[in-house]
2 protein chains.
Amino acid sequence: MMDSIRIGLIGWGTVGCGMLQTLRENAKEIQARVGVRMDVVRVADLDLDSPRPVSVDPHLLTRSAQDILDDPSIHIVVELIGGLEPARSFIMKALEKGKHVVTANKALLAHHGNEIFAQAAKCGRSVGFEASVAGGIPLLKAIREGLSANRLDTLFGILNGTANYILTRMTEDGLPFAQALAEAQRHGYAEADPSLDVDGIDTAHKLAIASAMSFGTSIRLDKVYVEGIRDIDLLDVQFASEFGYRLKLLAIARNTNGLVELRVHPTLIPERHVLASVRGAYNAVHIHGNAVGNIMLYGLGAGMLPTGSAVVADLVDLARDMTLGIVHRVPPLGFLPEYSSEMPVKPMDDVVTRYYFRFSAVDRPGVLSKISGVLGANQISIAAVIQKGREVEGAVPIVMLTHEAVEKDVRRSLEAIDRLDIVRGPTKLLRIEDRTDNAVASA
Amino acid sequence: MMDSIRIGLIGWGTVGCGMLQTLRENAKEIQARVGVRMDVVRVADLDLDSPRPVSVDPHLLTRSAQDILDDPSIHIVVELIGGLEPARSFIMKALEKGKHVVTANKALLAHHGNEIFAQAAKCGRSVGFEASVAGGIPLLKAIREGLSANRLDTLFGILNGTANYILTRMTEDGLPFAQALAEAQRHGYAEADPSLDVDGIDTAHKLAIASAMSFGTSIRLDKVYVEGIRDIDLLDVQFASEFGYRLKLLAIARNTNGLVELRVHPTLIPERHVLASVRGAYNAVHIHGNAVGNIMLYGLGAGMLPTGSAVVADLVDLARDMTLGIVHRVPPLGFLPEYSSEMPVKPMDDVVTRYYFRFSAVDRPGVLSKISGVLGANQISIAAVIQKGREVEGAVPIVMLTHEAVEKDVRRSLEAIDRLDIVRGPTKLLRIEDRTDNAVASA
């Protein structure tokens, strides 16, 4: 039996520091769980000079990741540099050299996960990536193992803490988007370039991974419909509240008889839904399975220590396999590759959901009738309307919630409506998710 | 490699039916995850005649559990009869005969878990018991594996759906306890004899198991302080709301530098806390770890299919081990027995928390001063007071919330206060948990 597991870390950044600190601070607990020591024996980073919250013995440091890949004594390579290259090459090389890999790199897995998992299978090595989705929340383990008895049909959630922080500030403090973003940046929740977070791209990466694992299919990032929160108007957050909804950037995956929906967009959810109470930088994921019913997992989706917690959980899992001399106990995506099927993804045009529209129309008799006429002609039926006399630049907002409608009918209607002479600006469209209602326990 | 795993089921009741249905309905998904078939080859129950929601091939049925224990072709025995005996003997015998065991029996594990796990270690066999705590929520897997990087210091939650259903109906519909209980019984949420649920015993069983796993100690049911909800007065639910709290039957485990608190009692939690939004028959557990921060898991804690989901997840876990020819990959309580330590449990007298008191006092000047005088003399300081002129049988309710105080000081004070001639009846005491506040994301 091995008495210590030797780890090489590539990427001495925030998450790397979280992993190092967790391994050090909880060394006793971790050894009590696995029976062996976990030793970080080499740390590579291009920048060895910037101050870090967690220090490393200078003898272990190197500027060259190759030093780790070439070290035959290293059992596990932890890749925490992020991005596509050179992360991808490092991981492929590590597997080829017979090392297990742990990574938090959602962008890489969303783009190249299928290829990386195939390489791992070929090389007889494992890839752990719990940290890549929902940070500290043990979501992937729950999907892959805890809920393994189920046919999972729905997964939706808040997977980006930055976007959720911004929307929370807009909702609770009435800040417009730009100001809420600036606050997020000031508190370190958002990067100088916030595109990945606010444009929904990071959420899409995570959804691509978690949905593949939920439904037993391969990862298809290119099939995820993505819309971010950059254009969210405070007015719509406020109208949403008036109707009893909260606005969240939601990742939605749904499997209806083998046809999959994959979408990320700002979404109204009922304020009494448990996801509506997820505030600030927290993440939460709601899953529905045919046996378990509704499940929700909630926690910090980012940050040095929460993400470090997930990285180290993967290391513990690997250590538990390694001490028994086994590998591939659980397939990376939960399903054995020979059983994994390619599921068709529903085009966004065919998605059926409820909608929120805000029209900017002139304040004149007959306006409502014209707009609802166009909607009716396109099979879109109205569930609720608010019209308020706040005239801005010659137009009043008219807000409508629809019953379920087909996306392409909605698109066609809004194009027609926006061409009407009574309409003063482009209509705002948001989607509503209240089938999520079943997640609220009803008596 | 084995091509099928042979399962014997003892107990063809609700959960047994849930397991059978899940295995049947999701056979394809389960085989795609583990690569082998899972076959239930024998089902034992004393009663083979009552109608069941899920049928069994009559050839598989037997009235004798012994038939299953004696069948050398059976790999896994699933015990779902509940209670202490004969469940305990069946499990001990199954292990001795070289079979793995899966059980949902929290009462048994809370009482005899240590002995059963020792037997499993001796026999080189596994015991799966995910279904014993929080039903379908993969809580034990999260604690034992998903959060394995952490020193966990706090676990608290709603672990009994029946009690939560009753409290939800009291809170939302203004029903008194007896009527809410009757409703729970009418809807099948409560048994004819509801003691295990409403007196907090079932919650204590689950807390004993989950806390041992969280802290790396053995199971000590006898150390759990237990108070149920049978004496909850609707008036207190309503006063709690006025102060911004919801009343929940909470299981609380806290490890402060190796000194453990284990208690189950009705508890006021802030209404904006995520646990406050857990309604009806749902369960939810909040965990705090030194790396991951706050985590919450939410779902159905009981019911045929949710519990069946957890039983089958254990079967899948076992199958994944068995196909690789390994055992004991993860210790039953998460920590290797040789590292598990016996932690002292803090006596209830020494617990420090905040309190809610409702005094029944005569409506006369000086009353408030007398009561607060006694409290002050016992180092109990008052955070808020409501006195309302609703005189009932010559007394008015005076409600106070305290700052943190020591349980024994509180007990001593209330004894003194209840002897005052201005006091008309025994004071109602409830505890407040708002350190839980840190579970609410703050901006």
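Placement of Cβ uses the backbone N, Cα and C atoms for every residue, glycine included.
No curator has checked TrEMBL annotations; they are predicted automatically.
These features come from TrEMBL:
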type     : residues                                               : note
BINDING  : B:I10, B:G11, B:W12, B:G13, B:T14, B:V15, B:G16, B:C17 : NADP(+) binding site
BINDING  : B:E191                                                 : L-homoserine binding site
ACT_SITE : B:K206                                                 : active site, proton donor
DOMAIN   : B:356-435                                              : domain 'ACT'
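Apart from B:I10, B:G11, B:W12, B:G13, B:T14, B:V15, B:G16, B:C17, the NADP(+) site neighbourhood in this chain, defined by C-beta within 8 angstroms of the site C-beta centre, holds B:L9, B:G18, B:M19, B:D45, B:L80, B:I81. DSSP assigns B:K206 (active site, proton donor) to a helix in the three-state reduction. Under DSSP, residues within the domain 'ACT' (B:356-435) fall into helix, strand and coil as 24 helix, 33 strand, 23 coil. Looking only at the binding-site residues B:G13, B:G16, the densest Cβ neighbourhood within 10 Å occurs at B:G16.
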